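Structure, as structure tokens:
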Amino acid sequence: MASNGETAVFNADDPESVQVDIKSPAKNRYTSSPLHPNKRKGPVLFERASGSWWNPKFDSSILEEYLWQCYFPQTQRRFQYVLLYIVVACVAWCIFFGLMQENNWIVYVSGSAVLAVISIFTLVFTKTSKYAMMYIPTSVVYTVILGVLLLVGFLFNPADLSTVGSFCASVEILLLVYTFIPMPLFMAVLIGGGYSIIYEVLTALGHPIMNRYDFIIGKILLHLCIHLIGIHIFFMSEVRRRSTFWKIGQSLIVKRELIWEKKNKEKMIHSLMPPSVAEEAMRTREGKEKDEDDSSKKKGKGKSTKGKIIFRSFNMNKMDKVSILFADIVGFTKMSSNKTAETLVNLLNDLFGRFDRLCVDTGCEKITTLGDCYYCVSGCPKPQDDHAKCCVEMGRGMIKAIKQFDEEKNESVDMRVGVHTGTVLCGLVGKCRFKFDVWSNDVTLANTMESTGRPGQVHISECTYAYIKDDYVVEPAEPIEDLRTHKVLIEHYSSESSSFTIRHTEEQKKLNTYFVIDRIKKGGEKDGSPMEESEDLLKGEKQAENSTNDGDAVINHLDRESSGINGVAPATALPRRHSDTSMDKNAEDKGFDVEAGVDPSLVPMNSDWPNCSDMKEENDNKIVACINENKKNKSFFYEPEINKLTLCFLNADMEVDFRDHYLESNLGKEETMASPRYHSLIEAVLSLIVFILISICCFLVFGYHIVWLSVFIIALIIEILVLVQLATDVKLGLKKKEKCSMLMHILSGWYFRNSMGAVIAIIPIIAVYSNLSCELATNDQWKDRFFCFTVIVALLHFCNFTMLSAWVKSFLVTVAGIVLLILLSVRFCPPEEFVHVKPIVTLIANATSTSPTYKVNQSTLSDHLFSGENNLRYEIILDIILLLLLILFISREFEISYRLSYFGSSQSEKQRVQMMENKEQAEWLLHNIVPEYVTDEVKQTSRYSKNHKDIGVIFATIVNFNDFYDESYEGGREYLRVLNELYSDFEDLLDEPRFKDVEKIKTISSTFMAASGLNQKHRLSNKDPNAHLYALLEFAQELQNKIKLFNDSIFNFDFQMKIGYNFGEVTAGVIGTTKLLYDIWGDTVNIASRMYSTGEKDEIQVPESTVERLGDKFVFGEERKVTVKGKGEMKVYFLMKKRDGATWE
């Protein structure tokens, strides 16, 4: 496990998967240390950088080698474009020299032709397979030949290529060396630096006028600018290339993990409840999070006036033609009497695991397990034509399965199964620890069918028989009371309270029932029992029965007293165990280990965890495997999903995000040199350096004048302000965003960014052009040549801004180049200005004229570049056009590279967010079944069983809910909505800090069960060791207040509640093989249930031990005595009130 909470693990079920924690950007994902530890003061180059600034590389040879493989097609393509560019340039120069036919034109044409031929041969070689093995030697040899051929021109005197032309060509060569000719940085600097020195030495030897100190210093500074820009381009290209590679690799890994998380989520959801129900529950949860107004209304519901209430969202659907199965283990009490709790849990896990697999085979949907009772349906939540047959087959299979269980475990238990068909309401009640369940009188009838049945037989009602009469042999059984009677709503007047309340009257009738004897065999058909079709699935695994808990086993299992609307009597069902799960019908296909009966998402997560620091190499191979899975993944490095003409993303939404929100994205928050914040700062720093160097050249060569000084001061202020703004973005980005969110949003906008970038980009060229004057144009010391040198370098400065839109840069650099071409093509100064140039211009006096006239010799004008008559203007125009083409191409390629980096980061972030949402949703569902403090241990061992002392337990039952329940209106749905409101009101209390020790355990029908003290972390933080017991008793009082408030809110509702309280030792555990269930049981739970069942309405009844422990904080009534099954006569008390001033915090 990496530091800072980062993890990199393998999934045991998917050997190719790499599970990555990517909650924070710019971290070393697969090493044992963070990417930027606290000791590091500056940003890293990119994720997984080796630390070398001079030679940016990954810290993994595997990643570095595969990076080369992925990017080589792009590198090869760019070099081929360079060769084509040089061939075009050679052809242009051949035409130019051929047309001009100067002194050595044949030599220059021949040299251009030779270079074109070499370039063509090199181009052909790059398309062969051998080029990949020799691409660096090829680049070095070709670059040397290119430089030598250009320098050969200095052997001729006079040269046919001017100093401006040779300088421009040299700039193009240096630019190509640093950008598109593939070679290491040290080699590019060595070749480029050597070429610059040789070029300037030969220039000085061939043109003595260039030996002036100001020209020498100026040329050194200009070459320094060229190399700084070139190194920056090379360096940032390498950094961005690796950062992009990592982001795309991360995106693909996250995509794979997203698929895995979705599968895990589907498995977990289906193990908790049907997917359709879970999706509805999550939509409701998302709606609550997004709608604060609705949330505040719900919180204020308690203040509603009488007759007015705002209901919460409610997920409940009515379904017809549903078969319901209840099955009870006969002899369970005897079997559990001599076993420890852990052994009993293991036995139930084994047996219920067999039943779960039968559910899959027979097409049933498991609803819950209640102690030793198993409860499932067919035809819900998805309609199913053979629902009755599925439930009957399920029942027959359970009977055979328990016989095998008896043989294997040497037990003597049996199954009693009841099946009924009718209408149900299915959905969720409550907002936490909810469970998918079904409600209706038909459910109650199914429970009655089971309780009135015979061991070893399936007991069905006449409603079920109507669907299966042609398939099974049956025998008549005793009729039972039909609970589906029509209720009539009446107002009952109570003389005691002098008020009217709602009551129902109903008529009674009987329902015929049958026992299933056998299946009717048709035409040689085998008995279709799942037992005979999949015998191996019912054998189950041998589970360990070693016990760690001594003493008598207890189970919260009480006698049946009265029926609730979901078929389980409160006194019977409350102590029973249950599981809020259902089985995926395609479990094997989706990755369940059917034999083991364990959901892989619950397999111990740390069982095979390697040491992350030792697994870096293997993890890197996993990244490579992710990229290799799809050819499209690899091709994206050189064929990104953008429009080739406009360079916009093909996805319109991504283009909008790129333009308006890129600084808010994960890419903008990274602490790497490739992130926009640091990249922009580097570009601004380099821009300032280039501007200062060019300004020094201008001051040295062109001198001082008011226009140039004004431009310099204004430009310097702008450069510094931009630099400060970007520096504060890096250091104070979050604080600036918090304090100036609107301003930051404007500054980070696409239009503002490009506008400011354009201003910074054009500052050097404006600075140079501001020095142009007639004095410079007519100067005979070649200042006009040096002016062209500085313009060329200023044009090159546009390549520095890789984050600026390619179209903006292309427009600006084209305009700047055209300005120079226009200046070369026109006479910049009037003819009389050239009179000051001696001895080239001759003064002639006209005797007949009163004023002198000046005649300028045309041959002398041709020596000045800005005279409009100089023949070099054609050569310089061609130079500038070729340079502009190269700059435009570089701008386009860098725009593509930058967008590719953004795409990788954006995709990775979006998929990370989606994966985290899937995780959160799955955890949210899981924590509604298993408490968060138990989850970690469950993930480690897939099991949880722990004894706790002094645990408080309450049962709170609405004793008259069944009197209100009526299915004549919407099948009883609105009555369940009322129950949902009540439970949600109760659960709202759990969010209050004073009840942090209290948690809901479960709800069954109209009974709410809660406990306190199970969370040891919260319990240890209490000052008073009895604080959790006090809190639970106060919580019970608040439940009474809630129900009184609820009665006041709805006209004529008079719900009555009985609450039983007890504390003591309990066993908390997670039961289930393919599905999880968290519950508590023990004698403490049994007594708590007896306290409510023997209590009185609107009272909280407690045993004597509670009075002795909690009497210092609460006032109790007089002693009473009640008879409790298994305990005899007990002393009990009613809670009166909390003592005045009592506190325990």
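Here the Cβ of each residue, glycine as well, is placed from N, Cα and C on the backbone.
Nobody curates TrEMBL annotations by hand; they come from automatic prediction.
Under the heading transmembrane segment, TrEMBL lists 81-99 (among others).
Residues or ranges marked as transmembrane segment by TrEMBL: 105-125 (among others).
The feature transmembrane segment is assigned by TrEMBL to 132-156 (among others).
Residues or ranges marked as transmembrane segment in TrEMBL: 216-235 (among others). Tertiary proximity for the transmembrane segment (216-235) is limited to same-chain residues at least six positions away from its ends with a CB under 8 Å from its CB atoms, namely 56, 171, 174-175, 177-179, 185, 188-189, 192-193, 196, 200, 203-204, 210, 682-683, 686, 689-690, 693-694, 696-697, 700-701, 786, 789-790, 793, 796-797, 799-800, 802, 890, 894.
Per TrEMBL, the feature region 'Disordered' maps to 278-304 (among others).
Look at TrEMBL and you will find 280-290 (among others) tagged as compositional bias 'Basic and acidic residues'.
Residues annotated as domain 'Guanylate cyclase' in TrEMBL: 323-450 (among others). Mean pLDDT across the domain 'Guanylate cyclase' (323-450) comes to 86 in this model.
Annotation source TrEMBL lists region 'Disordered' at 522-587 (among others).
Annotation source TrEMBL lists compositional bias 'Basic and acidic residues' at 577-587 (among others).
According to TrEMBL, the transmembrane segment annotation covers 681-702 (among others). Counting same-chain residues at least six beyond the ends of the transmembrane segment (681-702), those with a Cβ under 8 angstroms from any Cβ of the stretch are 214-215, 217-218, 221-222, 224-225, 228-229, 232, 236, 673, 708, 712, 715-716, 719-720, 722-723, 726-727, 729-730, 760-761, 763-764, 767-768, 771, 776, 783, 786-787, 790, 793-794, 797, 800-803.
Look at TrEMBL and you will find 708-730 (among others) tagged as transmembrane segment. Same-chain neighbours of the transmembrane segment (708-730): 677-678, 680-681, 684-685, 687-688, 691, 695, 698, 702, 736, 747, 756, 759-760, 763, 766-767, 770-771, counting only residues six or more beyond its ends whose CB sits under 8 Å from a CB of the stretch.
Residues annotated as transmembrane segment in TrEMBL: 751-772 (among others). Through the fold, the transmembrane segment (751-772) approaches residues 684, 687, 690-691, 694-695, 698, 702, 705, 707-708, 711-712, 715, 718-719, 722, 787, 790-791, 793-795, 797-798, 800-801, 803-805, 808-809, 812, 816, 819, 823, 828, 866 of its own chain, all at least 6 residues removed from its boundaries and within a Cβ separation under 8 Å.
The feature transmembrane segment is assigned by TrEMBL to 784-804 (among others). Sequence-distant contacts of the transmembrane segment (784-804), counting only residues of its own chain at least 6 positions beyond either end whose CB sits under 8 Å from a CB of the stretch, comprise 162-164, 167-168, 171, 175, 179, 215, 218-219, 222, 225-226, 229, 232-233, 236, 240, 676, 679-680, 683, 686-687, 690, 694, 697-698, 701-702, 753-754, 757-758, 760-761, 764-765, 767-769, 771-772, 776-777, 812-813, 816-817, 820, 864-866, 876, 879-880, 883-884, 887, 890-891, 894-895, 897-898.
The transmembrane segment annotation in TrEMBL covers 811-828 (among others). Long-range contacts of the transmembrane segment (811-828) within the same chain: residues 758, 761-762, 765, 769, 772, 774, 777, 788, 791, 794-795, 798, 865-870, 873, 876-877, 880-881, 883-884, 887-888, 891, each at least 6 residues beyond the stretch ends and with a Cβ under 8 Å from a Cβ of the stretch.
According to TrEMBL, the transmembrane segment annotation covers 872-890 (among others).
Residues or ranges marked as domain 'Guanylate cyclase' in TrEMBL: 952-1092 (among others).
Most Cβ pairs under 8 A with the transmembrane segment (132-156) among the ranges 81-99, 105-125, 872-890 are made by 105-125. Within the same chain, residues 80, 83-84, 86-87, 90-91, 93-94, 97-98, 131, 138, 142, 145-146, 149, 152-153, 156, 160-161 sit at least 6 positions outside the transmembrane segment (105-125) and bring their C-beta atoms closer than 8 Å to a C-beta of that stretch. Residues in the domain 'Guanylate cyclase' (952-1092) partition by DSSP class (helix H, G, I; strand E, B; coil) as 65 helix, 40 strand, 36 coil.
According to DSSP, the domain 'Guanylate cyclase' (323-450) comprises 60 helix, 39 strand, 29 coil.
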